[in-house]
Amino acid sequence: MDFNPVPPPRETLRAYLSKKGHVVKNWKLRLFVLKPGSSYMEYFVDETKEQQHLPQGRVPLYGTRVMEYVYNSNNNPREFCLSVETENKNWIISTGSKAQQLEWIEAIKHAIESAVETDEIKLQKHKSIEKQLQLDGKNKNKIPVLKLLLLGTGESGKSTVVKQMKILHHKGFSKEEEEFYRNLIYINLLDGMALLIHVIKENNIEIPQETLSAIKNYSSWYRVYIEKRNKNGIRNNPIGSMIPISILNNNKDNNNSNSSSLKNNSGGSSSSELDKKMTHLSLDGSTCINSNSASPNGPSSSTTTSTINTHNRSNSDGSSNNIFNVQDFGIPPIITNYISTIWSDPVVQSEVMLQAQKYHINESTQYYLNEIKRIGKPTYQPVNLDILKSRATTNGVVETDFNVNGEVIFRIVDVAGQRGERKKWINFFDDVTAIVFVAAINEYDQKLVEDNCTNRLHESLNLFDSICNDSTFPKTSIILFLNKIDLFREKLKRTSINICFPDYNGDQSYEKSSNYIKNNFLSKKKGGNGINSQNFIYFHFTCATDTKSFETVFNSVRDIIISKTLEFYC
């Protein structure tokens, strides 16, 4: 006999139902109450106890699944039963008819979808996990190592997750790491400004004369800086930076006669000639025009290669070469002034920045430019947020161990997300405890760097599809981080997700848009309907650069992973 689906209850659902005890024949009649929007289903001895709000027990609904409990004369002497299962316990409840059974199953399913994990549930779960680990004799003197595979497309925020783990469980970054990231931040900032100049030139964007003058001076300096940075190799260039070709190509000229458009006035000189001819800039920010000044490559101005002094990088011997040695001496004050002048132009912050999205500009560029006065100081040392915002392409595989509260070691394997790197993933699928998949939901209107054609969010969805349905790990838990919600909120103000999902007909609110994207990801899991098809997928909306919110998310993830793997250690 077919039954029509029961609509979600709009009012409290109440009924006397039988609950099975520890013994098959031990059934107790209880008054079950399910309120709309509640994260619990409560049961009482009778109406009096309900009025006094003295429940006999509670059935938590967060992370729970409900299904029909099939009648069997051996294991269940009653018909029309349903089973409500949590991670550690299950309830078998008998209803009075098939219609009532379906009504309660559907009502509980709808309640599960909106249920939230309360502090009480979190505390109970955490205590249960700690107790079981302490009682596990096999691991009394051994901390288990749980392997997490960190996957996702390029620039989704995977490496930022690892950085947050360092902050939370490695007591931050070492001096060597801070020095590396300081140089990386300089590169991100300087290359970001160069790309904005490239955008102005390519799109013939009109700008004020003051900004134009600062751009010309910055461009002249940047061309020599890049040549020297590339010559010095990895020490000065920890990433394979994509330099805008119009900044380096001195032969290309903009024929626009408008004085407010950007032109290249180098006259086809090589970088070495520019080095000799350009204005001699001193590190204290003064400008000294001296056509007879010695070449920076000469004996009197050799490149500084001594040990880095992070407390006094501005201490200079007066060599013109130091103006290009950003790693050892920081960004020269006069270059900082040029950058400030360019960035303070409203046209640059609005029209140019918007156009730059088409050129795959680093998402952190705006943040660094807003902080240019602080970053441009000779004594600059990066704070955690600066490091979290830094961007370098991950090549190959990076494994990092984190001891979490002495309970467990998480071995996070960060694998490069670019298309050409994904073939390496298969080598790390063995012994995987869980997969953490990071998807940048703000990329719904962006194209892949690899082909400048494929929509980034579609690429992420397709990749998630292939991973969560891979036969290599059919029962492996998958933690889905729907990342960069801060950038997603901002982008929604000007662009609807309809550009990526033509079938979407909702408004541009964060709640509806993010929920639609979430459902698109969860629907990729095959092998069942409803909640049963998502048994091993746990999702979180994240901002990986926000340490406080990320700590809350990771604590929840930690409990899920540990509880799911306890059986392997017991």
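Glycine is no exception: its Cβ is also placed from the backbone N, Cα and C atoms.
Under the three-state DSSP scheme, GLY152 (GTP binding site) falls in the coil class. Counting every protein chain shown, the Cβ of GLY152 (GTP binding site) has 25 other Cβ atoms within 10 Å. Here Swiss-Prot flags 152-159, 388-394, 414-418, 483-486, ALA544 as GTP binding site, drawing on similarity to another entry.
Annotation comment: Swiss-Prot describes SER159, THR394 as Mg(2+) binding site, evidence class similarity to another entry. Look at SER159 (Mg(2+) binding site): DSSP puts it in a helix.
Here Swiss-Prot flags 144-570 as domain 'G-alpha'.
For the region 'G1 motif' (147-160), same-chain residues at least 6 beyond its ends with a Cβ under 8 Å from one of its own Cβ atoms are 363, 388, 391-394, 398, 410-419, 425, 428-429, 431-440, 443, 448-450, 456, 459-460, 463, 467, 481, 483-484, 542, 544-545, 561. Residues or ranges marked as region 'G1 motif' in Swiss-Prot: 147-160.
Summarising the annotation, Swiss-Prot assigns region 'Disordered' to 254-321.
Mean predicted confidence for the region 'G2 motif' (386-394): the pLDDT average there is 90. If you look up Swiss-Prot, you'll see 386-394 marked as region 'G2 motif', on the strength of sequence analysis.
Sequence annotations record features per position, and here Swiss-Prot assigns region 'G4 motif' to 479-486. If one looks beyond the region 'G4 motif' (479-486) by at least 6 residues along the same chain, the residues whose Cβ comes under 8 Å of a Cβ in the stretch are 156-157, 161, 363, 434-443, 464, 510, 514, 517-518, 521-522, 537-546, 553, 557, 560-561.
Listed as Cβ neighbours of the region 'G5 motif' (542-547) (distance under 8 Å, sequence separation of 6 or more from its ends, same chain) are residues 157, 160-161, 164, 167-168, 384-385, 388-389, 438, 481-486, 553. Feature annotation from Swiss-Prot assigns region 'G5 motif' to 542-547; the stated evidence is sequence analysis.
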Rounded to the nearest Å - Cα separation of ALA544 (GTP binding site) and SER159 (Mg(2+) binding site): 9
For SER159 (Mg(2+) binding site): intrachain residues, at least 6 apart, with Cβ closer than 8 Å: ALA392, THR394, VAL398, ASP414
Position of peak Cβ density within 10 Å, selected from the binding-site residues SER156, THR394, ASN483: ASN483
Beyond the flanks of the region 'G2 motif' (386-394) by at least 6 residues, Cβ under 8 Å: 154-155, 158-160, 163-164, 167, 173, 178, 181, 184-185, 188, 238-240, 362-364, 367-368, 371, 375, 414-418, 421, 544-545, 547
Summary of DSSP states over the region 'G5 motif' (542-547), given as helix, strand and coil counts: 1 helix, 0 strand, 5 coil
